[in-house]
Amino acid sequence: MIPSAIFFIFTPFLILVACQRYRFLNKIGAIVLAYIIGALAGNSSLFPENIHKLQDLMTMITIPLAIPLMLFSTNLKQLSRMAKPALISLGIGIVSVTIMIVTGHWIFRDYIAEPHKISGLMVGVFTGGTPNLASLKLILDADDTMYLITHSADMIIGVFYLLFLVTVGKKVFSYLLGVKYAPLADINIREEYLESAPYKGIFKRTILVRLIQLIFLAIALVGLSILIALLFNENARMAVVMLSLTTLSLMAATLPRVNKTPKTFESGMYFVLIFSVVVASMGDINNLVISALPVVYYAAWTVAGSLILQVIFSRLFRLDADTLIITSTALICSPPFVPMVAGALHNRKIVVPGLSIGIIGYALGNYLGYIISMVLR
């Protein structure tokens with residue numbers, strides 16, 4: 001059992017080292033590599049038969065620790081100063097995604113097991129990202145195969161979507177909208193969001209000491225969230241824990257000492273990578289392949305439809321093509337893709353607003369995913 005735990009904990013470290021050293025692996029992405037390695041290990045004879053208890057324990061620990069660490073870097077006061085066009089674009093993006101997921105639920109529900117859970121997971125991943133998807137897996141009590149199917153569909157559609165955005169997207173949307181870009185916001189984004197090697201310097205003594213302190217704070221917030229959940233019905237406790245944890249973490253992020261500690265987001269992301277390896281090792285590849293196609297169609301419906309709605313609403317509100325594209329990138333593909341798309345558009349001024357929109361998506365994703373899932377249940 002100890003060798004298995006070591007495998008789960010240190011595989012992400014090796015993945016990050018490899019991504020930093022080899023550019024082609026970095027392009028594939030640490031999350032994708034974590035899934036591949038986890039799935040291959042889990043569907044081989046690498047682990048003992050009684051591994052399930054360890055896997056369950058690690059999934060229950062990693063995400064509750066990841067959420068606070070990732071949200072500690074959120075500066076809500078600063079994000080509230082975003083310019084009006086960026087806020088309008090964010091609202092349009094979230095409404096468009098929600099409309100398409102709700103309509104898609106009624107179209108695909110007969111072909112998908114527990115469709116309300118899939119819908120909630122999709123809201124999380126298409127308004128926030130992988131951390132929200134992982135959180136909602138616990139909140140909605142979604143099984144491992146369901147989680148992997150949803151994230152696989154997101155990645156498959158996301159590849160084609162990004163390809164469209166960085167090739168002909170600018171020309172298409174500029175023609176349809178006909179509005180030139182104007183700077184969206186004058187706010188600062190923490191440097192590590194823009195770094196190509198975000199984990200560099202994380203082991204410096206001054207940074208490491210503060211990170212360890214915040215890990216203890218994260219543990220304390222998890223404990224407080226569990227105490228709050230004990231006041232509720234047993235069936236609702238996991239949802240209460242995760243949503244309380246999200247709220248408490250955002251409250252803690254208002255404290256300067258917490259918010260200004262570097263590398264908190266990256267530390268949280270490391271726990272997400274551990275979670276990804278563990279969950280992938282629990283999935284049945286055969287079952288995954290059989291069940292994935294309807295969810296891929298559902299994801300395609302959501303992405304394509306939300307983009308059409310965004311174009312319509314953006315034209316009504318006279319938003320420009322660059323604002324639409326960077327908002328859609330931040331929500332559908334998640335913030336790490338924002339600098340890449342901004343580079344393809346030859347407009348670095350949209351990086352900061354795009355990242356800001358993505359960070360708000362991280363903060364809202366858990367709430368929205370849970371609400372939509374409960375409404376559609």
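Note that Cβ sites are derived from N, Cα and C of the backbone, with glycine treated the same way.
Sequence annotations record features per position, and here TrEMBL assigns transmembrane segment to 29-47, 54-74, 86-108, 120-140, 146-166, 207-232, 238-258, 270-290, 296-317, 324-345, 351-376.
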Among 29-47, 86-108, 146-166, 238-258, stretch most in contact with the transmembrane segment (324-345) (C-beta, under 8 angstroms) = 146-166
Count the CB pairs under 8 A between the transmembrane segment (146-166) and each of 29-47, 86-108, 207-232, 238-258, 351-376, then give me the winner.
-> 29-47
For the transmembrane segment (29-47), could you work out the same-chain residues 6 or more beyond its ends whose Cβ comes under 8 Å from its Cβ atoms?
-> 4, 7, 11-12, 15-16, 18-19, 130, 148, 151-152, 155, 272-273, 276-285
The transmembrane segment (351-376) vs the transmembrane segment (86-108): 3 or more CB pairs under 8 Å | yes
